[in-house]
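Here's the structure, in structure tokens; my notes come after.
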Amino acid sequence: MSKTIWILRHGQSDLNRAERFSGRAHAVLTLKGKRDSAAIGKVIRKENSRVDGVFASPAFRARETALILCKKLDFDSKKIVFDPALVEQNFGWWEKKPRDEIETRFPGVVGNWRKDHYKVRPLHGENYWEIEKRVRPFVRKLKKSRLETIVVVTHANTMRLLLKCLLGLDREKTNRLKVHNTIFYQITEKNRVFRLKKRLV
């Protein structure tokens, strides 16, 4: 049995537009975010006659994205599985704050975090090790699933760790993955071999 997994980040949110760290904070989709989500749904629908399962982060911006996708995919939104493993990295004190405010109080910390997401943890937040620990069981569930076409709606850093665990990427390749709101990934699996294709709207 072959399998296709689409992994995407939620559409642009108000905090994304303001260039503030979102994390677990409440955020809503912008008009652009809603339009981009609909466009991604059209791409997925064009390539797959049906979708068998939709999994999403319970965060409001991810819920909004998943609901928009379901309309384009003709998928019953009542069947969406909202999984807490898919929530974004906890940014702790950084949440809702712009980079310059964080840098003023803690010079160099954001740059160090970008260089090593595993070692550096936002104040009162999570590092990549902790995200990876919670997404691994979800990835095992995806691999074992009998569903043939799956859509996963998540967040930037969680998306990186999902791809790392699915594809067996090293830390350097994981950090280089592009996870903008309009970039999404198509993973195809056949005979236990996973192939990755980056898509863009």
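Keep in mind that glycine also has a Cβ here, set from the backbone N, Cα and C atoms.
Automatic, uncurated: that is what TrEMBL annotation is.
Since we're looking at a predicted model, the values are computed, not measured.
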May I ask you to find which of Arg50, Arg61, Arg63, Arg99 TrEMBL records for the substrate site already listed with Arg9, His10, Gly11, Gln12, Ser13, Asp14, Leu15, Asn16?
Arg61
For the recorded substrate site, enumerate neighbouring residues of the same chain (Cβ within 8 Å of the Cβ centroid of Arg9, His10, Gly11, Gln12, Ser13, Asp14, Leu15, Asn16, Arg61, site residues themselves excluded), in sequence order.
Arg17, Ser22, Ala27, Val28, Leu29, Thr30, Gly33, Asn181
Would you identify which of the binding-site residues Arg9, Ser13 has the most other C-beta atoms lying within 10 angstroms of its C-beta?
Arg9
Once the DSSP letters are reduced so that anything not helix or strand counts as coil, what is Gly11 (substrate binding site)?
coil
Which residues, sitting 6 or more apart from Glu88 (active site, proton donor/acceptor) on the same chain, put a CB under 8 Å from its CB?
Ser22, Gly23, Arg24, Ser57, Ala59, Thr154, His155, Ala156, Asn157, Thr158
